[in-house]
Amino acid sequence: MTTSHISSSFTSSRILPVRRLRPVPRRSRVLTVQAKIREIFMPALSSTMTEGKIVSWTKSEGDRLSKGESVVVVESDKADMDVESFHDGILAAIVVSEGESAPVGAAIAFLAETEEEVSMAKAKAESTSSGGGTAAPSGGSATAVETDGKVASTPTVAAPTPAVTAVAEGPKKIVATPQAKKLAKQHKVDISKVVGTGPYGRITPEDIEAAAGIQSKKPTPAPVAQAAAAPAKPATAATASASLPPPLPGSSVVPFTTMQGAVSKNMMESLSVPTFRVGYPVTTDALDALYAKLKPKGVTMTVLLAKAAAMALAQHPIVNASCKDGKSFSYNSSINIAIAVAMDGGLITPVLQDADKSDLYLLSEKWKELVKKARAKQLSPNEYNSGTFTLSNLGMFGVDRFDAILPPGQGAIMAVGASKPTVSADKDGFFSVKNKMLVNVTADHRIIYGADLAAFLETFAKIVENPDSLTL
């Protein structure tokens, strides 16, 4: 029975047919080699930088570059920085020469991959110059210095150049406003033959009307009234510039440097913040004695004051806070003391980071390094734009009191005057002479109130008058 069972099971089983898979013929793809011409953009070297000035090109046209190699020195609003190449290639064409400026994101040079592409890069550079430059890319232009210039996939605005050059180089993208395209279709105008007069060669409705021989309808009474009302600010600016008195005979007009322009911009921004000022006299006899002991070890009075301010801020975090949007404020987790340093043709504020947690000697060494880099305009962005509280010390120049302007993005700034002998009376009516300095603090009244600032200054005065805690 076992045998018959096995036999019947074999005879009842079915053999499934096997389907042969025929190989699918591969589609042949034609590999096309596209030229790699990369645009070197003006980088954003700081959060406040809107344009940069070319200090010097470390490479010349025709030089071969390696990835990571310095190609140009750019002057930002705070420092001079080397800009490195992100790719290997040949510096084919320089668009922005030494001493000239360009907005962040604008093309300043072109990089070719091979010798054969150098001429193409030069032609692209010439068309960029004649067409008013390349549009600055939005978004990630702060970190990317170079982008690929492939013909098929480049996001840069190289398309408007056909509106300037008359030589056709194949199919080109028409850049026109929607209204211009509608008018072109309505009046049967070949839009590809119209030269755009808008930004970067964009074709406007006026260009279509001119090509169709139609008089523009804009000069009607209502639009004129609107147009006259809209540019109120430019008209005011023009009136203000026209009302300026002419320069005096023999005088010369000196344009702002990049740093001076940045300082001017920051000062104008600070005018929009409601501030108030509080002054406080501080006895400095004990601090002067401590400074005399520590000075041979490289400790400066500025560092002592910065350390004292940081320790006081740790007890009053609201004075270390900041309000940037006018709707909320933030408590800063770090106490970073920015200290104003005068430079030839400008002002910069190197930052002592975590000043409340570092000892005096480490702070002094760090401060010397920062000042040296600031004089050489070699500070990195994090070394001058990360401050949460600013200290300005003019006491070293004999200034007894002054007010400081609040930097944008910070809650308060302290102005320290000179320490001078002052006659004072104690509670028993006895007179004595003590060294005192006047400290004025300017604060953002949206987040810091009078009582907050008074309490902070009282703590600061106690630390200065009993400075043993500064050396701990």
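Along the chain as shown, residues are numbered 1 onward.
Glycine is no exception: its Cβ is also placed from the backbone N, Cα and C atoms.
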The annotated region 'Disordered' range in TrEMBL, which must be one of 121-147, 175-201: 121-147
Reported mean pLDDT - the domain 'Peripheral subunit-binding (PSBD)' (175-212): 78
The domain 'Peripheral subunit-binding (PSBD)' (175-212): DSSP-derived helix, strand, coil residue counts: 23 helix, 2 strand, 13 coil
